[in-house]
Amino acid sequence: MSFSSLPTEIQSLLFLTFLTIYLVTLLGNSLIILVTLADPMLHSPMYFFLRNLSFLEIGFNLVIVPKMLGTLLAQDTTISFLGCATQMYFFFFFGVAECFLLATMAYDRYVAICSPLHYPIIMNQRTRAKLAAASWFPGFPVATVQTTWLFSFPFCGTNKVNHFFCDSPPVLRLVCADTALFEIYAIVGTILVVMVPCLLILCSYTLIAAAILKIPSAKGKHKAFSTCSSHLLVVSLFYISLSLTYFRPKSNNSPQGKKLLSLSYTVVTPLLNPIIYSLRNSEVKNALSRTVCKALALQNCIP
């Protein structure tokens, strides 16, 4: 059903807004991947994980936004049973992967600040490849179990999904069977998937804060904090919107409210990630300038 209850003029405005956000998101995250690959100065572990995050955000957008744009533009509100299951599968996969990838990036910052001399040895190429694989892997079993289980239930009556994508709660309302056990699994699974990475992030930043406080100079403290401020901002945006969506009391939830909250982490956060990491990171800005200069064969490039 997407935003079909809204007037046509509002839907047209939403289409233009989401299309702009979608294109900027794809461009921004693609640029981060290309720049961090092309520039030798950005071949450190931190930018390796940033490339993974940008790739993940592109996938997240491709799963959800094109169908939503089609619904708003052509008023084609249909989606096949298999298409709905596929969309839900990859939504879970990318969502779980992002939770664990953000925790991995926090661990990377912990090693960089708390063990700077051993950082290149600890975060060597093999270790960071394993950490990236460990971040992506949990998405497969979670998405497989939850999607397969939910779509094995019988569906009858209305076939209207009151959302702009096939998320678990609105699809679950269409099931004509006892779903109590599945709901318990879904709640426990969500808590584990969200809280375990969140606790790892909190532990990492507690140790980082303790290490920063021991630095004698104010300049040193500022430099250490600036290396993880972008990640902290991204984590805050992602987890706040996710928590408000899935951990609010049912009595406070409304379909339109849940749609707006879902938009924040499915559409807005992927847009903000490249902006945050580029505007708050001089290395990325300089690398982008060098890449553009080389591509255009300009002389006054940043060395």
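The backbone N, Cα and C atoms fix where each Cβ goes, glycine too.
These figures come from a predicted structure and were not determined experimentally.
Listed features, source TrEMBL:
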- 28-277: domain 'G-protein coupled receptors family 1 profile' (DOMAIN)
- 12-37: transmembrane segment (TRANSMEM)
- 49-69: transmembrane segment (TRANSMEM)
- 89-110: transmembrane segment (TRANSMEM)
- 131-151: transmembrane segment (TRANSMEM)
- 184-213: transmembrane segment (TRANSMEM)
- 225-248: transmembrane segment (TRANSMEM)
- 260-279: transmembrane segment (TRANSMEM)
The transmembrane segment (89-110) versus listed stretches 49-69, 131-151, 184-213, 225-248: most Cβ pairs under 8 Å
131-151
Given the model, what does the mean pLDDT over the domain 'G-protein coupled receptors family 1 profile' (28-277) come out as?
86
By Cβ distance under 8 Å, which residues at least 6 away from the ends of the transmembrane segment (260-279) in the same chain are close to it?
18, 21-22, 24-25, 28-29, 31-32, 50, 53-54, 57-58, 60-61, 64-65, 91, 163-165, 167, 230, 233-234, 237-238, 241-242, 244-245, 285, 288
Within-chain partners of the transmembrane segment (184-213) [C-beta distance under 8 Å, separation at least 6 from its ends]:
95-96, 99-100, 102-103, 106-107, 109-110, 113-114, 138, 142, 145-146, 149, 168, 221, 224-225, 228, 232, 235, 239, 242-243, 246
